[in-house]
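Input: a single structure, listed below in structure tokens.
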Amino acid sequence: MLLNCGQPLPLLRHTDVPPRVIENFILTGYRFPNYSLWDCLLSAFRPTNETGNFWTHFLPVFIFFYYFVEVFGWEGAPDSGEPFFYPLWNYFIGVSCLLMASSMAHLLNSMSLVVREVCFFVDYGTISAYTVGSSLAYYYYIHPQAGIAETGSSSRVELNREAAPSAYAIPECSVFFETYYIPCACVVAIICVLSCCNTRQRWRQHRYIIRTLVFLLPFLISSTPIFYRLLTRSPYSTSSSSFTASTPMARFFYRHCLWLLVSAIFNISKFPERLAPGRFDIWGHSHQWFHCCTFLSILDELHMIKAEIKAILLSPALLLPPTSLSHLPGPTAASTYGVMLLLQTTIVSIIVWFSWRANCIYGSQREQLEKEHPKKHLKCH
């Protein structure tokens, strides 16, 4: 809260805030959970133990947008509103919501204990929505038949249904990719939201390990098109410009995995603050490094998707419009925005349920907290 003289209340030690607010090995820089919205916004410019958490996911929003819009200026690219780009826009929605929800959760969580819970429920929900946004992009741009029918030795495109299954180097994968891939991604995303929200009300002791491992599952499911591509030959002729454009895909994916691994290590180990409690309270603690690494993984993922989009655009004869007779139709509003809308509706319902439970648990503590930490009104001298 702000004092009458315009000075903010002093930041607190871990012994002066409710146990629910305390983070492992972070001893100082806490805000008491009774800030107003305005106070929370102003705290983005104060050295609290959440300031770095806010900026390490807020500034990346603009960096991501800068690299994202580049694709629309490429030669041969359709208009940004064309169905070809529907999956990419859904990916953009997923990433943007993730980064904004994460940064706002860290900025606004000191309004009350209930608001704190709701903020992080929304955070988990947007992470899950992001994984489905990624899956849609993978499905339509990296999937073994995404944008590509069958290419024979004469580079002739076969768009009939009889030829489509032969596009798979591993035919057994066809049923999974064409029928179960997107539904599986959605179901796993919902399981992740339920599990992570539960860690805020039970399993508290192992919450960081559980949250990290829980999100390993959607990564494995959503990345199956990439695993397939890495294990089989490229769908492009080795002499084509599309093959050259697609070649960096593997490198970007390996870097994407590396950054995710490093971020998981930071999130679980609580390094470096574990080694020197109190020294990294404001800057340099593990959650800030976790944010930086997760964004770097997203950036490499974006470059990977862009490489595949460029490869497809360099072979316009291989684009599959929604009206194609191919076994795999192109993206439509229902198969992209519709999927994301249905998922988001389900996630919002889950968040509302857990928020209601959080209000039942912590709502009654509001008056008690105000008595323990009353608003101070000091006079300026």
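Using the three backbone atoms N, Cα and C, a Cβ is placed for every residue, glycine included.
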Handout entry: Per TrEMBL record, range annotated transmembrane segment [choices 89-108, 289-308]
Key = 89-108
Practice task
Could you name the residues, excluding His106, His287, His291, of the same chain that surround the Zn(2+) site, i.e. Cβ within 8 Å of the Cβ centre of those residues, in sequence order?
Solution key: Glu50, Gly52, Asn53, Phe54, Thr56, His57, Ser102, Gln288, Phe290
Practice task
Please work out which recorded stretch in 89-108, 120-141, 334-356 has the most C-beta pairs separated by under 8 angstroms from the transmembrane segment (180-197)?
Solution key: 120-141
